[in-house]
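Q: Dumping the structure here so I can ask a few things about it.
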Amino acid sequence: MTETFEAGDVTLRRVREFVWEIPPEGDMRVPARVLASRPLLEQIADDRTLEQLRNTTHLPGVTDYALCMPDGHQGYGFPVGGVAGIDAENGCISPGAVGYDINCGVRMMRTDLTYDDVRGREEELVEALFDAVPTGLGGGGVVQGDAPTVEAVLERGVEWALEEGWAVEDDLTHCEDEGRRPDADPDAVSQKAKDRGRNQLGSLGSGNHFLEVQRVTDTFDAATAEAYGLAEDQVVVLIHCGSRGLGHQTCNDYLRRIEQEHADLLADLPDRELAAAPAGSELAERYYGAMCACINFAWVNRQLIMHRTREVFADVFDRPWEEMGMELLYDVAHNIAKKEVHETSAGERELYVHRKGATRAFPAGHPEVPAAYRDTGQPVIIPGSMGAGSYVLSGGEASLSETFGSTAHGAGRLMSRTQAKQEFWGGDVQDGLREGQKVYVKASSGATIAEEAPGVYKDVDEVVRVSDALGIGDKVARTFPVCNIKG
DNA sequence: ATGTGC
């Protein structure tokens, strides 16, 4: 008999280990799949995640199945951790299925330092980073951009940073799409969005965004770890942030326009938050071009923060950063929609692959993996919480057949920010991390520390275990925090 | 996530 899992009015049936399916019924165009262990499934049984996932199967052109990654939880319309491959010719594109923070993502920078080099100097380092990298809501960035600067960043991405001395050539070759989305259309980004972004170039923002100095605690795959330049005890830097007010404004601009101009499509959807523009429409093209421009902005944002971090390390350790092996390992987006060609049940199709809180995980040999990682598969960076550490995976062979080339993006929230602030007090969390785990955290707001307390997250080990077992993203290395700055 | 609302 088929094993089932009941959650409210949703019944999932087990397809095989870690694969659960909501069979199509009513206006569902395809099944919905959750990739999770039973404990992870139980953690999304009582919120809107499964209902939202089911809703996404109503989107025109959704292909084969809608998916929820192991770290999934409820979001705006479309679950965080959601993946949908939607036909780019006959389907649609949905801003809510990309997320408000366009190209929210992570980059990891290597160093040649070991934990011994930073131990005892955590406080000095965390203070220096906090002084150098703007955090929190509002304006102020590493760079104060004027209007032409914003245009250049939207158009050319990290190439702009290279020209301006904020990057080296190797940074481009170790970034998804070499740091530039060619489909970017800066004219499709509103003046209001550009104005908001102008003084936010090189700023972390708030919420779950952070910069963390970490040490590698484990390697699981010696050959891939070596190819990625990772070894136990090594110090690395992880940067998690997105496109700030510029991306947020762009998402909002297009949601409102799409709701108005494609009200007929919206009328057939179960949730207003899923508003989508039909493929081929002017608005679909404009949103795609604007989103790609925001992607470039976010890559530059992370680039500026990384380069500033190099300067901080040079200062603190009194050596040129080039002599400390401070190279970009990889930068990967986890809030994005991309035109990609995939093998589907209907044959080869060009899809808008929507990944919202999901990471692309292309395996070895895929032509879109940067040359540096063509033989190992794309690095997949999965940040965990301040108390649990993070993972580096490599894109798995099964990702292309199972998940449109995707895997998880983090530990996944267990509770809302409001609930977190009722459960935790920022100062206590900070003290506990420092005294218990030698993790030095500095934030511009105590509330943010409470909202991001380790206890508000699911078990990242369990999330990664599922990814690895399914063969969509394979374990390479694990890291643990040393010091962390956040909004 | 966000000049912390739709």
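All positions are counted from 1 along the displayed chain.
Every residue, even glycine, has its Cβ placed from backbone N, Cα and C.
What TrEMBL says about a protein is an automatic prediction, not a curated fact.
According to TrEMBL, the protein has these features:
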{"type": "ACT_SITE", "residues": "A:HIS409", "note": "active site, GMP-histidine intermediate"}
{"type": "BINDING", "residues": "A:ASP101, A:HIS209", "note": "Mn(2+) 1 binding site"}
{"type": "BINDING", "residues": "A:208-212, A:334-335, A:383-386, A:SER390, A:409-412, A:LYS486", "note": "GMP binding site"}
{"type": "BINDING", "residues": "A:HIS240, A:HIS334", "note": "Mn(2+) 2 binding site"}
{"type": "COMPBIAS", "residues": "A:173-184", "note": "compositional bias 'Basic and acidic residues'"}
{"type": "REGION", "residues": "A:173-203", "note": "region 'Disordered'"}
Q: Are there residues of the same chain, six or more positions away from A:ASP101 (Mn(2+) 1 binding site), whose CB falls under 8 angstroms from its CB, and which are they?
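A: Within the chain, A:ASP101 (Mn(2+) 1 binding site) has Cβ neighbours under 8 Å at A:GLY242, A:SER243, A:GLY247, A:HIS248, A:CYS251, A:ASN335.
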Q: Could you measure between the residue listed as 'active site, GMP-histidine intermediate' and A:SER385 (GMP binding site) for me? Cα positions, answer in whole angstrom.
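A: Cα-Cα, rounded: 12 Å.
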Q: Write down the Cα-Cα distance for A:HIS240 (Mn(2+) 2 binding site) and A:LEU211 (GMP binding site), rounded and given in Å.
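A: Answer for this pair: 6 Å between alpha carbons.
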Q: Nearest of the binding-site residues to A:HIS209 (Mn(2+) 1 binding site) by CA-CA distance, picking from A:HIS240, A:HIS334, A:SER385, A:GLY412?
A: A:HIS240
Q: Cβ distance under 8 Å to A:HIS334 (Mn(2+) 2 binding site), same chain, sequence separation 6 or more: which residues?
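A: Residues satisfying the criterion: A:CYS104, A:GLY105, A:VAL106, A:ARG355, A:LYS356, A:GLY357, A:ALA358, A:THR359, A:HIS409, A:GLY410.
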Q: By DSSP, how many residues in the region 'Disordered' (A:173-203) are helix, how many strand, and how many coil?
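A: Per-class counts: 16 helix, 2 strand, 13 coil.
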Q: For A:ASN208 (GMP binding site), which residues of its chain lie six or more apart in sequence with Cβ-Cβ distance below 8 Å?
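A: When sequence neighbours closer than 6 are ignored, A:ASN208 (GMP binding site) has A:HIS240, A:GLY410, A:GLU451, A:GLU452 within Cβ distance under 8 Å.
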